[in-house]
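If you check Swiss-Prot, you get these features:
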ACT_SITE  His336  active site, proton donor/acceptor
ACT_SITE  Cys354  active site, nucleophile
BINDING   Asp232, Glu235, Gly236  Ca(2+) binding site
BINDING   Tyr318, Ser331, Gly332, Asn356  substrate binding site
DOMAIN    253-378  domain 'L,D-TPase catalytic'
LIPID     Cys35  S-diacylglycerol cysteine
LIPID     Cys35  N-palmitoyl cysteine
SIGNAL    1-34  signal peptide
SITE      Cys354  site 'Binds to carbapenem drug (covalent)'
Amino acid sequence: MPKVGIAAQAGRTRVRRAWLTALMMTAVMIGAVACGSGRGPAPIKVIADKGTPFADLLVPKLTASVTDGAVGVTVDAPVSVTAADGVLAAVTMVNDNGRPVAGRLSPDGLRWSTTEQLGYNRRYTLNATALGLGGAATRQLTFQTSSPAHLTMPYVMPGDGEVVGVGEPVAIRFDENIADRGAAEKAIKITTNPPVEGAFYWLNNREVRWRPEHFWKPGTAVDVAVNTYGVDLGEGMFGEDNVQTHFTIGDEVIATADDNTKILTVRVNGEVVKSMPTSMGKDSTPTANGIYIVGSRYKHIIMDSSTYGVPVNSPNGYRTDVDWATQISYSGVFVHSAPWSVGAQGHTNTSHGCLNVSPSNAQWFYDHVKRGDIVEVVNTVGGTLPGIDGLGDWNIPWDQWRAGNAKA
């Protein structure tokens with residue numbers, strides 16, 4: 001057993017011994033004054049058989065965070081019981097199946113609190129006993145937890161243990177629309193080492209992002225705790241569970257695609273490690289400028305324009321088998337192998353918006369980038385990748401991002 005636990009247990013033992021010693025000494029003194037005989041100390045009084053008025057003042061008092069018969073008790077906070085003018089001698093709590101609920105007694109013996117989540121729509125019974133100089137107090141109460149009409153589950157990216165790029169935001173996606181965005185944000189705790197200032201921004205009614213003002217520093221450790229269980233998220237929607245994740249920021253990998261040169265240049269920690277010719281979107285379907293975040297990677301994928309609203313049989317439609325595809329936008333932009341356009345790469349833009357590269361370069365890119373790395377596209381005739389694309393977060397100005405849109 002850890003030394004800390006032993007010390008805490010020893011502390012509680014000393015507190016109880018002190019109270020019990022005081023109880024015995026008081027009982028002896030009261031017996032000696034009242035009887036003046038040698039028959040030994042009088043028995044400790046209990047509430048039902050109180051002795052002197054002085055003892056009435058020292059009867060322990062029990063206070064609970066819930067009331068007997070309560071219905072709709074929230075489950076986002078511990079249930080607790082506290083003793084005054086005495087110490088807790090025994091506390092038990094069980095659910096409607098008789099299963100004990102875990103709890104912890106404070107070192108001073110004055111407070112007991114649950115340490116596990118309570119279930120929705122469950123009935124619980126709490127029994128507590130306290131000892132004081134004036135006797136013992138007991139209390140039993142039964143209550144029922146809330147029964148939400150709707151539940152929503154949060155999902156967090158990056159995954160636990162991942163090493164990601166300097167541009168990776170924290171992403172929390174719910175499986176239902178969130179009416180009270182502010183309540184959701186308050187339930188999310190993000191801790192970084194070293195400390196970094198960041199802010200929330202909602203891409204839509206279900207997904208909120210958190211990022212710093214500038215790209216992460218390599219080596220930064222990030223812990224995310226989404227504590228939405230039991231939290232009212234508006235319009236009868238409550239959190240279904242809590243979720244935690246820990247991830248680390250890896251090397252800085254930034255690729256720049258310049259339409260003036262039609263070259264994709266990859267830098268790792270500021271040093272150029274690879275340059276490759278590319279063919280980007282033709283004038284009728286130009287590649288948008290801006291900062292893209294690397295998402296998923298596929299050794300093989302079927303690209304279908306209908307997945308982002310362009311029918312396959314339309315002039316700009318397509319359905320094509322593609323190898324070594326690295327996603328950089330939710331709107332369908334990839335860095336991928338395009339053997340059919342090798343002759344145009346470095347000279348002419350021929351694609352529907354993707355960054356076409358040779359098969360060997362596409363495989364190299366696939367092998368050397370990771371989720372959260374950055375691709376910046378510059379000098380095209382296109383507009384700017386929308387910040388709410390899903391992988392375009394860094395295109396939203398920091399002042400706008402920091403101001404947030406929880407009330408939108």
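Numbering starts at 1 and runs along the chain as displayed.
Placement of Cβ uses the backbone N, Cα and C atoms for every residue, glycine included.
Location within the structure of each feature annotated in Swiss-Prot.
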residue	record	contacts (Cβ under 8 Å, 6+ apart)
Asp232	Ca(2+) binding site	Asp180, Ala183, Phe238
Glu235	Ca(2+) binding site	His150, Ala179, Asp180
Gly236	Ca(2+) binding site	Pro148, Ala149, His150
Tyr318	substrate binding site	Met303, Asp304, Ser305, Val312, His352
Ser331	substrate binding site	Tyr308, Leu385, Asp389, Gly390
Gly332	substrate binding site	Met303, Ser305, Thr307, Tyr308, Gly353, Cys354
His336	active site, proton donor/acceptor	Ile301, Met303, Val322, Asp323, Trp324, Ala325, Thr326, Cys354, Leu355, Asn356, Val357, Ala362
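Counting residues of the domain 'L,D-TPase catalytic' (253-378) by DSSP class, helix then strand then coil, yields 17 helix, 56 strand, 53 coil. Secondary structure at Gly236 (Ca(2+) binding site), taken from DSSP and collapsed to helix, strand or coil, is coil.
Of all Cβ atoms in the protein chains displayed, 25 besides its own lie within 10 Å of the Cβ of the residue listed as 'active site, nucleophile'. Other residues of the same chain near the Ca(2+) site, with their Cβ within 8 Å of the Cβ centroid of Asp232, Glu235, Gly236, are Pro148, Ala149, His150, Ala179, Asp180, Leu233, Gly234, Met237, Phe238. Across the domain 'L,D-TPase catalytic' (253-378), the prediction's mean pLDDT works out to 97.
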